[in-house]
Amino acid sequence: MKLFVAKLGEIDYQDALTMQEKLLLLRQQNKVEDIMLLLQHPPTLTLGTRENRYNILVPEVELKRQGVNIFKSNRGGDVTYHGPGQIVGYPIVDLNGHGKSIREYVHKIEETFIQLLKEEYDLTASRESKYHGVWLGNEKITAIGCAVKRWVTMHGFAFNVNTNLSHFNLINPCGITDRGVTSLQKIFGQPQDMEKVYKQVITYFSRVFDFEPEIIDDKKLNEIVGRE
């Protein structure tokens, strides 16, 4: 199966959400192939469908002072952080071709990063029975929060590569108070090559989901999004 992959650089959360919603509709109508957006966001907190405002630990004025935006999202989960140095993936995938199981879909995203971390970085990551995501010990390195509409997915994952982890101190990530967060930069003590990691994400996601990836440029993406 083909998977279009679009790398967008850094993009505001609302702009990415608007693009996802357009692609979701097109995929539901079978007017486009499965597609994954890979990008980074400026410092942003997003609130999922199980949001609890008590998990934001500082006043909104302090968030503004630090240049952190807040958005309400229709993904699953509570509050999470996105920012530069974090690879965010938004797969718009028709689950009719992938077992029509939300649980299996999340499991495969987790498997993507478990394999990537083991084979590329010799890190043994795992799942947690209580929480979604990918963990190294008690620290989360990949957050997962999805939405599914008429069996087409949106939202997705956030992989901490060179993320500013201090911004996670503004929240209880995903409402979790007894665990931490980590990144490749923290583990190895130096920034990682983002382009290299982007390629790894594409490779392992495609392998786990049995996709043939095709990288598309901005022109192609705009042509796709323009289909109404």
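A Cβ is built for glycine as well, from the same backbone N, Cα and C atoms used for every other residue.
As annotated by Swiss-Prot, domain 'BPL/LPL catalytic' applies to 30-213, with the evidence given as sequence analysis.
In the three-state DSSP scheme, GLY145 (substrate binding site) falls into the strand class. Other Cβ atoms within 10 Å of the Cβ of GLY145 (substrate binding site) number 22 in total over all chains. Swiss-Prot lists ARG75, GLY76, GLY77, ASP78, VAL79, THR80, TYR81, HIS82, ALA143, ILE144, GLY145, GLY156, PHE157, ALA158 with the feature substrate binding site, giving sequence analysis as the kind of evidence.
Note on LYS140 (site 'Lowers pKa of active site Cys'): other Cβ atoms within 10 Å of its Cβ, all shown chains, come to 26. In the three-state DSSP classification, LYS140 (site 'Lowers pKa of active site Cys') falls within a strand. The feature site 'Lowers pKa of active site Cys' is assigned by Swiss-Prot to LYS140, with sequence analysis given as support.
Taken from Swiss-Prot, the feature active site, acyl-thioester intermediate applies to CYS174, supported by sequence analysis.
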Cα of PHE157 (substrate binding site) to Cα of LYS140 (site 'Lowers pKa of active site Cys'): how many Å, rounded?
12
